[in-house]
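The feature [4Fe-4S] cluster binding site is assigned by TrEMBL to 270, 273, 305, 312. What TrEMBL records for 13-251 is domain 'IspG TIM-barrel'. Summarising the annotation, TrEMBL assigns domain 'IspG C-terminal' to 266-354.
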Ligand code: SF4
């Protein structure tokens, strides 16, 4: 109902993380990372399944040891979402998880060691069609770069990234994406801008160590919002000191807000005031929880009175406008004869939204695994 996003995406190359396309106009994928001990296979699989339920496209798993690599093998067999193995330094772990079917390696080639080791990992990735993510982090820049710039700057992050990019270029390997993360919004944003101007590889966005649930979500929305609105970014991960499931929800909310990718319900709700005719806040909170399983894109406006209700309802898939005892109901912008009993608002709205989702799925034959950019 709302107009499509005006954002023009930066041109980038396409890679595949398992079955998920990244770059070249593919839907911006939402990632998360497990925070269980990888050697605890049961807990890690359980967390990945929870992430899958909220729509995660790609999951990263830390693989710090050979024991973790063996656990990774078992985890991989029990989940269907593509898995990225997060590896630092030890090239043997990279070779091991490649054998076990990893979908992407997060490893910086310059940190692997001598030329022979780098070549072994890159050749293996090439043979098995496994992409690599170069992950630069302001907190762990190379010593010489730190000394050269004195502190992490956008130019320092760019130089670090290009050092690893050049290695892969030299080895004629182009199946990679790059991230230049920082916890400072301006540092991260400017680093990504510089990188976007230098390379055509897909970019993985993130504000690293962004903070807890609320502050991290706000920082990520500002940083990623600036970049995405400039067309920069092909995949993203929100870093929160919180349940990783929340990272995925925040990621989708950012994409929804920019109308880049819709998944599930986009709630429009007023902040309420003394004019409200029913409990707007309680209704929105209850429906957000009850309707988490709905992945059909739709706008639902829940407005407490007629001041702004009709206007929002006109551009929503489903809209409700508070009235005395009974509230007005709109579908596809058209006022319906039916009115909702204010006391039964949550149940009635839930039923209408579920019915609408089924109807939209049927009529448009949406393949929900392939929801494309609007
Ligand atoms: S829409 Fe109505 S109830 Fe909601 S904040 Fe505005 S005036 Fe108050």
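Including glycine, each Cβ sits where the backbone N, Cα and C put it.
Among the binding-site residues 270, 273, 305, the residue whose Cβ has the fewest other Cβ atoms within 10 Å is 273. Across all of the domain 'IspG TIM-barrel' (13-251), the predicted model scores a mean pLDDT of 96. When other Cβ atoms within 10 Å of the Cβ of residue 312 ([4Fe-4S] cluster binding site) are tallied across all protein chains shown, the result is 20. Across the domain 'IspG C-terminal' (266-354), DSSP helix (H, G, I), strand (E, B) and coil residues number 30 helix, 28 strand, 31 coil.
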